[in-house]
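Copied over from Swiss-Prot:
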| type | residues | note |
| --- | --- | --- |
| COMPBIAS | 133-153 | compositional bias 'Acidic residues' |
| DOMAIN | 1-90 | domain 'CS' |
| MOD_RES | Lys33 | N6-acetyllysine |
| MOD_RES | Ser44 | phosphoserine |
| MOD_RES | Ser85 | phosphoserine |
| MOD_RES | Ser100 | phosphoserine |
| MOD_RES | Ser113 | phosphoserine |
| MOD_RES | Ser118 | phosphoserine |
| MOD_RES | Ser148 | phosphoserine |
| MOD_RES | Ser151 | phosphoserine |
| REGION | 118-160 | region 'Disordered' |
Amino acid sequence: MQPASAKWYDRRDYVFIEFCVEDSKDVNVNFEKSKLTFSCLGGSDNFKHLNEIDLFHCIDPNDSKHKRTDRSILCCLRKGESGQSWPRLTKERAKLNWLSVDFNNWKDWEDDSDEDMSNFDRFSEMMDHMGGDEDVDLPEVDGADDDSQDSDDEKMPDLE
């Protein structure tokens, strides 16, 4: 029996943990206020996996859930205190070789003023703030309309 490899990421109201076990069977996930226990049989050889995690902060076990797919089991843990950042998943600072941060899904939501806004909306908003309005009065720049010679118009000295 060994722990299943897992990836995790943090959101404003939830913490997500994905246990990477293909063809899992007999999946058992137990949510407690400050602990998560995961077990299953995985792969073609029905290898037994067991993970016990003492969580960094408390969760709401009644509002936490999991979903099994052919490739993994995704656990959605409802935070006990919404909006509280989790710098790590576990209570202990020890590095666990089976646990890593899911940087593909990681988002620095603390600096994000509107989490629900889609990427397209952000792009559209950014484009709206770009130039292109003809009614905008731009400040005068000295020499912008001059036809005088610039320093790059001068002849370069020959190389020796």
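Any Cβ shown, glycine's included, is placed from N, Cα and C.
The Cβ of the residue listed as 'N6-acetyllysine' lies under 8 Å from the Cβ of Cys58, Ile59, Pro61, Gly80, each of which sits 6+ residues away along the same chain. Comparing Cβ neighbour counts within 10 Å across the modified residues Ser44, Ser85, Ser100, the minimum falls on Ser44.
Cα to Cα, Ser100 (phosphoserine) and Ser85 (phosphoserine) are separated by 17 Å.
Sorting the domain 'CS' (1-90) by DSSP state (H, G, I as helix; E, B as strand; all else coil) yields 0 helix, 54 strand, 36 coil. DSSP assigns Ser100 (phosphoserine) to a strand.
Mean model confidence for the domain 'CS' (1-90) is a pLDDT of 93. The distance from the Cα of Ser44 (phosphoserine) to the Cα of Ser85 (phosphoserine) comes to 38 Å.
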